[in-house]
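Student: As annotated in TrEMBL:
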- 44: L-glutamate binding site (BINDING)
- 78, 79, 104, 155, 174, 197, 240, 241: pyridoxal 5'-phosphate binding site (BINDING)
- 6-351: domain 'Aminotransferase class V' (DOMAIN)
- 198: N6-(pyridoxal phosphate)lysine (MOD_RES)
Ligand SMILES: *Cc1c(COP(=O)(O)O)cnc(C)c1O
């Protein structure tokens, strides 16, 4: 074993909590005394069913999800969900509203255009190299959309909606990079989806929280069975073989979040960690974050070096210091540090120390 002190700031697939990985390692070959790995057992076995039920009840407890909502553990990524939903909910002559505040919401909006009218509201305001959100009072809203879709935390731009968006239709939110990092009032939403590989587990699965009433509104007549939310609810997300190992790791992550104080504690820690890093960035012009303060993400924090010629040196020195996954997305440039639940505050402190030292040497 080496590299105990590596801190991984990758945006996704992202770091998982160390204790979760250690438990997975310890029971890798022998799960629950069965003599085989969890990935080698049937998803229909009583042991696996127990795991699945516990995962759902832990997740419901964490986010205080009432029985008005179904929780699904679906195959694939967030991309599958923003493709799957309009296919079931939107048809010719109907309108959906898409608030576009970054790359992911833009991709989601494009998918919906296959099925009905899309009122695309470009809410991202770019001025030079900085981002902000256009005030919602200036959005050209739809009168009666079937639903309004938005991305609660835009992973690439590092931009977060400070509150839930209201709609005359159903509210649909992509929470891939923020789920379990802040307290939610689930009743503000009708459909939430979150890909696992940011805050929940490895890639390959997406969690869906859907209001049962919304499912009744969907039309499944021309939809393949695996994409039919009603059938998935009836079959406990096991219409076909689910991604059992990802689900297992997600279940361990839920237990870890509960053991560490639940979503409130995660939110508290996310505020603390992100403030530490923003304070370092805002000290002077050596580093800048492009997002207007009230919309800054707590999970994904891009920062640009005043002198972009230093980017490669920054990254290679950071890597030597055990700080990895910091390269920014090409559309924003510079660096990006993702501070998901699994990132300990010591990781952020190590990054801040490194950044101060790097500035001293190169400023
Ligand atoms: C990562 C991400 C996606 C895409 O996830 P895939 O698993 O690649 O489909 C969508 N939305 C947000 C907010 C993301 O962070």
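Glycine is no exception: its Cβ is also placed from the backbone N, Cα and C atoms.
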Student: Nearest of the recorded positions to residue 44 (L-glutamate binding site) by CA-CA distance, picking from 79, 104, 197, 198, 240?
Tutor: 240
Student: May I ask you to report the DSSP-based helix, strand or coil state of residue 174 (pyridoxal 5'-phosphate binding site)?
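Tutor: The three-state answer is strand.
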Student: With DSSP assignments reduced to helix, strand and coil, which class does the residue listed as 'L-glutamate binding site' get?
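Tutor: Its secondary structure by DSSP: coil.
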Student: Which of these binding-site residues has the least crowded Cβ, counting other Cβ atoms within 10 Å: 155, 197, 241?
Tutor: 241
Student: Give the distance between the Cα atoms of residue 240 (pyridoxal 5'-phosphate binding site) and residue 198 (N6-(pyridoxal phosphate)lysine), rounded to the nearest whole Å.
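Tutor: One finds 24 Å between the Cα atoms of these residues.
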Student: Return only the integer: C-alpha distance in Å from residue 104 (pyridoxal 5'-phosphate binding site) to the residue listed as 'N6-(pyridoxal phosphate)lysine'.
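Tutor: Distance between the two Cα atoms comes out at 14 Å.
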Student: Rounded to the nearest angstrom, how far is the Cα of residue 241 (pyridoxal 5'-phosphate binding site) from the Cα of residue 198 (N6-(pyridoxal phosphate)lysine)?
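Tutor: Rounded to a whole number, the Cα-Cα distance is 23 Å.
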Student: Return the members of 44, 78, 240, 241 (the binding-site residues) with CB less than 6 angstroms from at least one atom of ligand 1, or none.
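Tutor: So the answer is 78.
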Student: Take the domain 'Aminotransferase class V' (6-351) and average the pLDDT across it for me.
Tutor: 97
Student: I want to check the contact list for residue 174 (pyridoxal 5'-phosphate binding site): same chain, sequence separation of six or more, C-beta distance under 8 angstroms. What comes out?
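Tutor: Long-range Cβ contacts: 78, 81, 82, 104, 105, 108, 149, 150, 151, 152, 193, 194.
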Student: Counting across all protein chains shown, how many other Cβ atoms sit within 10 Å of the Cβ of residue 78 (pyridoxal 5'-phosphate binding site)?
Tutor: 25
